[in-house]
Amino acid sequence: MPTVHNSEYIKELLVDNTSYKIYDINKAASDIGISLNKLPYSLRVLLENVLRTSGNKENLLVFKEWLKTKKSNTEIDFMPARVLMQDFTGVPAIVDLAAMRDAMQKIGCNPLKINPLIPVDLVIDHSVSVDSYGLKESFEQNVQMEMKRNIERYQFLKWGQQAFNNFKVVPPGTGICHQVNLEYLSKVVWYNDGTAYPDSLVGTDSHTTMVNGLSVLGWGVGGIEAEAAMLGQPLTMIIPEVIGVKLTGKLEGMATATDLVLTITEMLRRTKVVGKFVEFFGYGLSNLTISDRATISNMSPEYGATCGFFPIDQETIKYLEITGRETRQIKLVEKYATEQNLWYNFEDTQEYTEVLELDLSTVYSSLAGPKRPQDRVNLSFVESNFKNELPYFALENQDIDKKYAVANQNYEIGNGDVVIAAITSCTNTSNPSVMIGAALLAKKALEHGLNVKPWVKTSLAPGSKVVTEYLKISGLDKYLDALGFNLVGYGCTTCIGNSGSLNPEIENTINKNRLVVASVLSGNRNFEGRINPLTKASYLASPILVVAYALSGTLNIDLTTTPIGANIYLKDIWPSQKEIDAVIANSINPSMFIEKYADVFNGTKEWHDLHITTGTNYNWDKNSTYINNPPYFDNICSENTIKDIKSAKILAIFGDSITTDHISPAGSISKNSPAAKYLIEHNIEPLNFNSYGSRRGNHEVMMRGTFANIRIKNEMCNGVEGGFTINQLSGVQQTIYDAAMDYQAHDIPLVVFAGKEYGSGSSRDWAAKGPGLLGIKAIIAESFERIHRSNLVGMGILPLTFTGNNTRLSLKLDGSETIDIIGLSKNIRPFNLVKCVIKKQTNEISTIDLILQIFTENEINYIKHGSIMQFVVESLKG
């Protein structure tokens, strides 16, 4: 039985003759001398969590402190109700748990102590690629290819399901984890052992935040933090600043929820909300469905916030009803939220660190690109935006308007042509309004004699089977099929870079003529090199605009003033909101959700037929190139101290906005990369390389793939793209991996310098694990993104920031310097100042201050133990 804390706050909640115990946050707030109505709704959820899980009532006083200054420097322990994972991040997490069991056995402890104590759901959604498209058979063909490529990984996950308690796997071909979470897994109010409490979670994908649109507090963490949470370790955090966004008015004209989230992303990136909660309030909430809100919450990582929270209201109840949740559960949510002052009240006087305001009627039809999700562009300016960005792509001495013939085809392509148009990602496919809007636009386009341009690769990959069901019931699926937007899979596909190959003749034309072609997708990220290696420009857009750009085939058009064809303008085929709402009313009902999720954990015959080994500990195959026992626990009993870094060399110097995609790419493995060399040495043909993301269970592949993004630029190698550096031992340009191994052989520690927003993007912990295995001891940057900073600490790597006006540029670093970081071996505390001594080859020495970006005492312990994983094993072995 779990330990009961603060029992004097337990009271009974009666819902239809069922009695639940709840922790009364109204009484708790009164006892510490605050008005609960002044606390943001997201912090009320945190207050309940601390009240229910903390043994020290004094911990509640931090909320009183927060109300005084609207910020806090005091840490709390957060205990999520559950954990959500996807397979790219989930496989390495289960590998780590399996390795922990071996480590426990090695030191004479019970390996079964390594077991999730809270529910863990893993949804396999990241592995399907768009190999086949434009055919009615595409879905089946892609599923077969997925199973063939990933059989070893899936066998491992099935082993994990039988080996670990509280661990369930949603098989491939079912949906995207965040949409499955929204439509099925989330309860809004959880109950266990007779106690009801707010649903909450952390997930190993940064877009876990999507569920905040359903009033479930949650955010993305690295796999190593998620592992700790599974094993009962609290997630230590400082109560964040909360930015209130007051919404007024309603969307008008052609504006969609996608346009709204791109507008919010642009606005909040400028406001700088990294590490902060964002909470939406105001009368505008009544004009946003849960699907609209989920779209906004999904892109929290893109605007930098820990989460984008919407409080419970009548829309929450309507969504639970339409998605087929049990009546008992819905009544519990309504009664609990009302009793605990978690139900949104327009008259509440909640206070925020800062308040921003957005009138929904000012939102215009938009895209974002060509390489960052915060770079919103009005639809009417996309053509000029793309042309203005062309110089960035280094098109010197080229006729940018020239068209080039495609072999064996009767068309030409040029710069700005759209070669990928993908309706993809849970960000938008979870929203019936934009999905039905896209289908209606397809219908009208066909009725006006329009068609998709032949050079455009089209695909439809929704986040759940419910989407294809309502498209089928509405009769609109046939119009999308007719334009080539056939179902290719239920998974992330193009949004995460699994866009598949283009037509070989098109690829040859692009490469031969160095064309800057584009992808337009309904996803949430468009970082360089992410969507497809050949689409240097990528624009995020609503599914409706994805179809529109597939029809135009180019960015070199103003769709607001120029006809798409034969005097047909976009406005002529754009569906009205009234048309969309009518289809929704006639095509979506609770029974389809109940039916499609009835067998969500069952899977296909191919899944059932997977042969697996059983047992407590995993039987590692030393020859496997997918699953390998990692070396994190080789020195499990080593001395737990922090030492100064002496005589370190600089492995790389990076600019601003280095993403986790740059650090640890998820996409295809280049044939000339260190990872490819390793795979070839292990008799893997290039055709079977699969992706970096699929091989995250093998540290040998992943450390070789660290900083291997084809678009990354190390400032030590002027003008060179890709994962290269100058090895200071030889003076030779090498791959970053090869240079790092040379430094390791000489026992030389490494550091990396960078600019602003280092580690933005996905939550992938391999962006910290990889650098750790390369021997990097510290990253020195102007600023870090939230999740990546936590991941670095979790792997024992020091995140350090400059003080004053110092930057890598002001210091005039060229990479030949030797670095000492002094002051670590003393009694270090969070946010300590440490000294960085920079020794140039000219013997010139300078010393600067750096700020240790370690937030809590727990994080100090992770650094001392070498990683959060070693800390957990040490904690459990007693």
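A Cβ is built for glycine as well, from the same backbone N, Cα and C atoms used for every other residue.
Annotated features in Swiss-Prot:
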- Cys426, Cys492, Cys495: [4Fe-4S] cluster binding site (BINDING)
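Taking the binding-site residues Cys426, Cys492, Cys495 in turn and counting surrounding C-beta atoms within 10 angstroms, the largest count is reached at Cys426. Taking the mean position of the Cβ atoms of Cys426, Cys492, Cys495 as the [4Fe-4S] cluster site, the remaining same-chain residues with a Cβ inside 8 Å of that point are Asp125, Ile176, His178, His207, Thr424, Ser425, Thr427, Thr429, Ala461, Gly463, Gly491, Thr493, Ile496, Gly523, Asn524. DSSP assigns Cys495 ([4Fe-4S] cluster binding site) to a helix. According to DSSP, Cys426 ([4Fe-4S] cluster binding site) sits within a helical segment.
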